[in-house]
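**Q** Would you mind keeping the following structure in view while I ask a few things?
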Amino acid sequence: MTVIVTGAAGFIGANIVKALNERGESRIIAVDNLTRADKFRNLVDCEIDDYLDKTEFVERFTRGDFGKVRAVFHEGACSDTMETDGRYMMDNNFRYSRAVLDACLAQGAQFLYASSAAIYGGSTRFVEEREVEAPLNVYGYSKFLFDQVIRRVLPSAKSQIAGFRYFNVYGPRETHKGRMASVAFHNFNQFRAEGKVKLFGEYNGYAPGEQTRDFVSVEDVAKVNLFFFDHPEKSGIFNLGTGRAQPFNDIASTVVNTLRALDNLPPLTLAQQVEQGLIEYVAFPDALRGKYQCFTQADQTKLRSAGYDAPFLTVQEGVDRYVRWLSGQV
């Protein structure tokens, strides 16, 4: 049966397509918007049956043009948290997602979709409960509102609906994201260009570079998606993070040491990297004061209760792999 991936040329979508290919799935319809044409590179080493622009997909899917569809991985969205055009964001992320959901429910197709940890906003608890959800931007609100629709639909749904609140995802195939690419990606490019990585200094009680995030490898994101693909009886909204909060220092230090290893140089401690000027701290920008999350950490209780028991890569493991992959691309 056919599998559809929206946002297929994007970061997470392309990694899901590749992961499907690696297990023998190639009857894949890729859906995206290639106005930003450079995204096509993410699919060059992937096998797909067909490609559709997002503007024609929903109408054709709704009228059954693709025959029996097993599942839709709905990864397509505007993920720019700095986007201020609320009308565009709601149409692209909310209304479009509702249309894809409705078509999946009508045809009995599995619906696996990208939610976001941005739903939690400034919360200090990251559990899938309404009372801790307070998005700070229209991107987060578009995801939040769709999750509320899912909560209302789930009790009567006859086919799988699984949403994943992605935390800070990094890994291959994100180059096209520009400023919205991961910290690991930017640290890699900065070190290659300048010979050092710059991090924010002390802020809000956190020592320089010690602001923390739940950084999750896109490898693990794809694995979780495929676990639910294999278990259509499991539905719900799930946090998708490692369950660990690691500081930005860990990302930067791993980037530096991996690049040193590729040059046959020995690893350095964080203190040595700072002392040698390989990591530098800059004053926290006034523009971000009061708008910056210093801590995120996924509560994995629901995900683990659903049966996903595989370990997640640490920053040191995942970023090392990613830097080696990036080094092979340049």
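Heads up, the Cβ atoms here are built off N, Cα and C, so glycines get one too.
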**Q** Check Swiss-Prot for me: it has Asn168, Arg179, His186, Phe200, Gly201, Glu202, Tyr203, Tyr292 binding substrate, so pick out which one of Arg213, Arg304 it puts in that same site.
**A** Arg213
**Q** I need the CA-to-CA distance for Lys39 (NADP(+) binding site) versus Tyr203 (substrate binding site), whole Å please.
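**A** Roughly 36 Å, rounded to the nearest whole number.
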**Q** Taking DSSP three-state, what's Ala77 (NADP(+) binding site) in: helix, strand or coil?
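**A** Going by the DSSP assignment, Ala77 (NADP(+) binding site) belongs to neither helix nor strand, so it counts as coil.
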**Q** If you count Cβ atoms within 10 Å of the Cβ of Tyr292 (substrate binding site), leaving out that atom itself, what do you get?
**A** 14
**Q** Any idea which of the binding-site residues Lys39, Lys143, Lys177 has the thinnest Cβ neighbourhood at 10 Å?
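**A** Among the binding-site residues Lys39, Lys143, Lys177, the lowest count of other Cβ atoms within 10 Å belongs to Lys177.
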**Q** Give me the count of other Cβ atoms within 10 A of the Cβ belonging to Asp32 (NADP(+) binding site).
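**A** Excluding its own Cβ, the number within 10 Å is 25.
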**Q** Would you work out the biggest C-alpha to C-alpha distance among Asn168, Arg179, His186, Phe200, Gly201, Glu202, Tyr203, Arg213, Tyr292, the residues that bind substrate according to the record, and give it in angstrom as a whole number?
**A** 23
**Q** Per residue, counting other C-beta atoms within 10 angstroms of the C-beta, which of the binding-site residues Glu75, Ala77, Asn168, His186 reaches the highest number?
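**A** Answer returned by the neighbour count: Glu75.
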